[in-house]
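Student: What follows is a single structure, and I will ask about it in a moment.
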């Protein structure tokens, strides 16, 4: 069979019969990526990476380029969809113990970090008020690095402040990183197919597997259709639902935006960053909030892979989900009285649940279930 490998990749791949809708998000992410690369290319064709022209070039795209408004909206809304899907995909991995497939999990978290970097660079490109101040705030985090901080920041900016060289290099990075994402995704899929998908029971029933196509591919197609329908509803009716009003005015280095809130995608991480008053401490907490996911296979103390039969861990899991939603909400609010303390408590409970309560609950469940 000459095309054996390609067939094995999608057609003849043996998959458990009982995987649920939570397993459809991988193919949805692949579709998001394809959409982002396609629309991104057409946007890049009309974009000008110059601080005096960037904002105008996007206005020109939306107004004058045929279907430019569609490309721009699809790219912006598609990015938010990408993040919604990836967070659900990770939550599924946490719930069903998919992180026990270590190589796949590590490549996935690396993908998440690359994706967040790409989204940040993309957010800077329109050169609106929020773009400019987000760039200022986030790049200034590098100054928290001891000894090298200031030199690193100057090197990244290409000068002593955010200026034309900064925008040019951010555009270059935003263009090249998706290719890294594509290669990492391919690696992610290849590594997954080494061991095969998990399933809600957390078992590996080799005797009860069916081919991916046509059984699961049609199920994937259903969720894909729903996602594309959502995109096509949001695009014409609520195109600016994920945008920030401040980003509709051109960047002005002299007037700071009211509250520099990060994009919807990274609001959860931003809340953790600013809940710590110390600069270096905040940066470390920000990094730790994502890097802690690398530790998940080490923190797994249960004898059962999945949380399906572990009620205590389930309660903790849904508390963690709620916690992340609270962090996301706080991250989009101004830094004032109630939000500061809420953010600090939510950040604390985030790390507490992952690093302490999950392993302890699993040990207790082992005892209760006499495993």
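In case you wondered, yes, glycine gets a Cβ from its N, Cα and C as well.
According to Swiss-Prot:
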BINDING   75, 174  heme b b562 binding site
BINDING   89, 188  heme b b566 binding site
BINDING   193  ubiquinone binding site
TRANSMEM  25-45  transmembrane segment
TRANSMEM  69-90  transmembrane segment
TRANSMEM  105-125  transmembrane segment
TRANSMEM  170-190  transmembrane segment
TRANSMEM  218-238  transmembrane segment
TRANSMEM  280-300  transmembrane segment
TRANSMEM  312-332  transmembrane segment
TRANSMEM  339-359  transmembrane segment
Student: Of 75, 89, 174, which is closest to residue 193 (ubiquinone binding site) if I measure between C-alpha atoms? They're all binding-site residues.
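Tutor: Going through 75, 89, 174 one by one, the closest to residue 193 (ubiquinone binding site) is 89.
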Student: Going along the chain, which residues at least six beyond the ends of the transmembrane segment (218-238) come within the CB cut-off of under 8 Å?
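Tutor: Hits for the transmembrane segment (218-238): 21, 24-25, 27-28, 31-32, 70, 73-74, 77-78, 81, 85.
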Student: The transmembrane segment (25-45): which same-chain residues, six or more beyond its ends, come within Cβ distance under 8 Å?
Tutor: 61, 71-72, 74-75, 78-79, 81-82, 85-86, 88-89, 92, 175, 178, 181-182, 185, 189, 220, 223-224, 227-228
Student: Which sequence positions outside the transmembrane segment (69-90), separated from its termini by at least 6 residues, show Cβ-Cβ distances below 8 Å to it?
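Tutor: Cβ under 8 Å, 6 or more out: 22, 25-26, 28-29, 32-33, 35-36, 39-40, 42-43, 58, 61-63, 108, 112, 115, 119, 122, 227, 230-231, 234-235, 239, 241-243, 264-265, 293, 324.
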Student: Would the transmembrane segment (339-359) count as touching the transmembrane segment (280-300), if touching means at least three Cβ pairs under 8 Å and pairs must be 6 or more apart in sequence?
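Tutor: Contact criterion met.
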Student: Counting Cβ atoms within 10 Å across all protein chains shown, which of the binding-site residues 89, 193 comes out on top?
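Tutor: Most Cβ neighbours within 10 Å: 89.
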Student: Here the binding-site residues are 75, 174, 188; which one has the lowest number of other Cβ atoms no more than 10 Å from its Cβ?
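Tutor: Taking 75, 174, 188 as the binding-site residues, the minimal 10 Å Cβ count falls on 75.
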Student: What whole-number Å value do you get for the CA-CA distance of residue 188 (heme b b566 binding site) and residue 174 (heme b b562 binding site)?
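Tutor: Residue 188 (heme b b566 binding site) and residue 174 (heme b b562 binding site) have their Cα atoms 21 Å apart.
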